[in-house]
């Protein structure tokens, strides 16, 4: 009897030890840098993929004749607003530690780095710029794109052949320059790297409806403002739960605002500074996963599939992409000489551009979900961890995240056929509109993926509120004059919105 009791006790002890070992192993294999939502570095997450997906094989008789690229800028510094938030956090942490000392609490549980911590960006008066790591991301991407499609980039550079466009935001145009330096490296006579000059063009912020459609769309601005309370309400329980856990664990009187700022600090430290043993170490892997999900939920609601306006307003960009493909097909059909027509249209913008564009293509959806968005029906929110989900900000739009649409000409039976292949972050990606393949005939691509969106007019989508206001009120000449004056001033000095 005693022997049996001992054996049972030993068995239970072994089970406990095994569970601890498995949990410890899982924690050790957890890479927080892969769970930073849209603050993730490109080189950390670009190779994460669904291993079950088998890319289509390009037949030997098919050659690429045109490439469209839509890319987010590379890794950037925190904005001025966020820098001020981190400086406020430093003061708040100082108060929390001081209060703990005054209350004679044990300081053993408080991480050493919290005492006397100051923001790495303290005293910095500018922000949001592309940092060297971001330059490297785009530079290397340019090199890889040229290596992957050597025939497309074999011509002598001309801006009509290789069109490079960026928004007027400096980190986007700097990303375009870094990409171009990689793409055309060794093809010029400038410096030891044999670089060459190239053109990067931009539209005015006030009128760029191709790459900054979100900033020109009043309806979207109204929608986003109206949804902020909903987003905060959905994220609230997660922050409450983690705040209570941190208070118990460290004995400091953290608030939800503190935890939100600490999570932001974790993302900045891990992504920009490669530091994971400070702010990030405050959170368990399960808590990081929940915070990541909360961020992803916000991007889903405000920039993704959460509302059709989020991506329908990107129709001008989709039209630009299709128009470039049709021009390439015309050049092929009419036998234009190489070097006389555009071979690549390369665009550099923001998460607010790349996210909606991915939605227009129907990426990260199941077939049934794709049918829903075609009918403009609402999708369910991304499932909460630990359930697996397709919509992850670290995959959908990390720093330097990108979509490439490659147009192929395939010669068969003396007739040319054209196919579109879709790559996300340089990897072939399943497209529900192409029956789950990464490619489909150009006409099918137009009919199933593009056409349902093109029935929407940008002005009708985005200016409806303004038109209604004009109907409801007849403004005086004086008020019109003031509106005109301030619109000009805002175009010159645009509001400093926080952009990704």
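Including glycine, each Cβ sits where the backbone N, Cα and C put it.
Curation plays no part in TrEMBL annotations; they are all automatic predictions.
Database features (TrEMBL):
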SIGNAL    1-26  signal peptide
DISULFID  62-410  disulfide bond
DISULFID  266-280  disulfide bond
DISULFID  434-440  disulfide bond
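Nearest in space to residue 410 (disulfide bond), taking C-alpha to C-alpha distance over the disulfide-bonded residues 266, 280, 434, 440, is 440.
Residue pair residue 434 (disulfide bond) / residue 62 (disulfide bond) shows a Cα separation of 18 Å. For the disulfide-bonded residues listed here (62, 266, 280, 410, 440), the lowest count of other CB atoms within 10 A around the CB belongs to 410. Of all the disulfide-bonded residues in the record (62, 266, 280), the one with the smallest CA separation from residue 440 (disulfide bond) is 62. The Cβ neighbour count for residue 434 (disulfide bond), using a 10 Å radius and every protein chain shown, is 22. Annotated pair residue 62 (disulfide bond) and residue 266 (disulfide bond), C-alpha to C-alpha distance, rounded: 46 Å.
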